[in-house]
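Here is what TrEMBL records for this protein:
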- Asp326: active site, proton acceptor (ACT_SITE)
- Lys28, Gly100, Arg128, Gln175, Arg357, Arg402: phosphoenolpyruvate binding site (BINDING)
- Lys28, Ser29, Arg33, Ser173, Gln175, Asp326, Lys353: 3-phosphoshikimate binding site (BINDING)
- 14-25: compositional bias 'Basic and acidic residues' (COMPBIAS)
- 15-435: domain 'Enolpyruvate transferase' (DOMAIN)
- 1-25: region 'Disordered' (REGION)
Amino acid sequence: MSHSQVSKPATARRSRDLKGDIRIPGDKSISHRSFMFGGLASGETRISGLLEGEDILATGKAMQAMGAQIRKEGDIWIINGTGNGCLLESETPLDFGNAGTGVRLTMGLVGSYDMKTSFLGDASLTSRPMARVLNPLREMGVQVEAAEGDRLPLTLHGPRTANPIRYRVPMASAQVKSAVLLAGLNTPGVTTVIEPIMTRDHTEKMLQGFGADLSVETDKDGVRHIHIAGQGKLTGQTIDVPGDPSSTAFPLVAALITEGSDLIIRNVLMNPTRTGLITTLQEMGAQIDILDPRLAGGEDVADLRVRSSKLTGITVPVDRAPSMIDEYPVLAIAAAFAEGETIMDGLDELRVKESDRLAAVARGLEANGVDCTEGEMSLTVRGNPSGKGFGGGTVATHLDHRIAMSFLVLGLASEKPVTVDDATMIATSFPEFMDLMRNLGADITVAEAK
Ligand code: S3P
């Protein structure tokens, strides 16, 4: 599943009147968890709206390698799971390609099994820190053989019986929280995760939906204590995956910064742990109407109407970062077209995403004439609503899908074209991106492979 090495540059040119009525592919976080929990639960899980990106397909293959049966009938994915506690040892290493969520959650899931599991990834994933997940797993009794600095490739040897732990998550990370909770599924007794800063809560909500004995208490300081009783039964569910707000961010910002645009985006996940970008853009003056807010499968969803807008720079509250962590690259693009300065701080986690996103965004902006300052954990962008002088540069994407999509959006409102050195990684999270953007009227061309 590791990504092919053939890169394909792509170029975006100034466009206007982006118009259409679109549906965004399924949420990546919920899609990973649907394959994992469906693969683990007893009986049948049926999933509609699954994101069929490379990252998710890697998770599906890993679950198959450990005994889950997965097939597709029409648009529905049907899974027959192994039953909780009954995953099988994979005969081959699990290759997660570019997928941090896939690999980190699966390490948690299998870490508490008395078996050996090896993990691989592409150059981006191999450079990312895994200690954040391996350390709590070690406390539970897992032995780790890893490359230097706890990086991939690595092998886990689970204990005969894992220890339940109380673990305070040291950074705002839903992946770390989830890995410990998933390890708790096959551990006797109660595993507790303490989460001082709330992150996306899909693991908690979905595990409860599958029948896990999981409870959450929030103390007087707002700290969440999540308890999971291990070795219970999980039962297959029917899941309709809502549209990914992180993917929505690209056409949404494109419509805001291009003249004459008016877009409807349907069925977008509006879980409050994921809507920080919409709040921020609204504070900057964006015309984003939230239409028909409703509950679907236990999640908030809505349709969005987005129109070209005059934006003004703001200081983004630091405590909003977890609810928009994947959206800072494209927020920086919106900020480039805002009047005045946009200050984004508390961005330390951006340094350990698919690339060092803080550096990648700053270099990409600089290469295209946008005035910005990179701090250790912050980014300040000084905007120019006309886009005059912007563009003309080539952006290094460092195997990062969100860097590629963000800078293609920059090109849609810049005076000169913007080129990204490789658009192939977009397939990890949003394979429909090019067609969808072109259908709205965006001028994006992909070069022949070289
Ligand atoms: C995710 C959690 C976030 C996010 C990633 C998806 C998840 O990572 O960046 O794209 O599905 O749990 P961290 O937990 O490292 O912040």
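Just so you know, glycine gets a Cβ as well, placed from its N, Cα and C.
What TrEMBL says about a protein is an automatic prediction, not a curated fact.
Overlay of TrEMBL feature records on the structure.
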| residue | record | Cβ neighbours (10 Å) |
| --- | --- | --- |
| Lys28 | phosphoenolpyruvate binding site | 23 |
| Ser29 | 3-phosphoshikimate binding site | 27 |
| Arg33 | 3-phosphoshikimate binding site | 24 |
| Gly100 | phosphoenolpyruvate binding site | 20 |
| Arg128 | phosphoenolpyruvate binding site | 18 |
| Ser173 | 3-phosphoshikimate binding site | 21 |
| Gln175 | phosphoenolpyruvate binding site | 23 |
| Asp326 | active site, proton acceptor | 25 |
| Arg357 | phosphoenolpyruvate binding site | 25 |
| Arg402 | phosphoenolpyruvate binding site | 28 |
Entries of Ser29, Arg33, Asp326, Lys353 which, being recorded positions, have CA atoms within 10 angstroms of Gly100 (phosphoenolpyruvate binding site): Lys353
For Lys353 (3-phosphoshikimate binding site), the number of other Cβ atoms found within 10 Å of its own Cβ: 21
Candidates near ligand 1 among the binding-site residues Arg33, Gln175, Arg402, judged by a Cβ under 6 angstroms: Gln175
Mean per-residue pLDDT computed across the domain 'Enolpyruvate transferase' (15-435): 98
Proximal residue to Arg128 (phosphoenolpyruvate binding site) among recorded positions Ser29, Arg33, Ser173, Asp326, Lys353 (C-alpha distance): Lys353
Cα distance (Å, whole number) from Asp326 (active site, proton acceptor) to Arg357 (phosphoenolpyruvate binding site): 9
Residue pair Gln175 (phosphoenolpyruvate binding site), Arg33 (3-phosphoshikimate binding site) - Cα distance, angstrom, rounded: 11
Candidates Lys28, Asp326, Arg402 (recorded positions) - the one closest to Ser173 (3-phosphoshikimate binding site) by CA: Asp326
Secondary structure tally of the compositional bias 'Basic and acidic residues' (14-25) (DSSP, helix then strand then coil): 0 helix, 5 strand, 7 coil
Cα separation, Arg402 (phosphoenolpyruvate binding site) to Arg33 (3-phosphoshikimate binding site) (Å, whole number): 21
Max CA-CA distance, Å, over listed phosphoenolpyruvate-binding residues Lys28, Gly100, Arg128, Gln175, Arg357, Arg402: 19
Spatial separation of Lys28 (phosphoenolpyruvate binding site) from Lys353 (3-phosphoshikimate binding site) - C-alpha basis, Å: 15
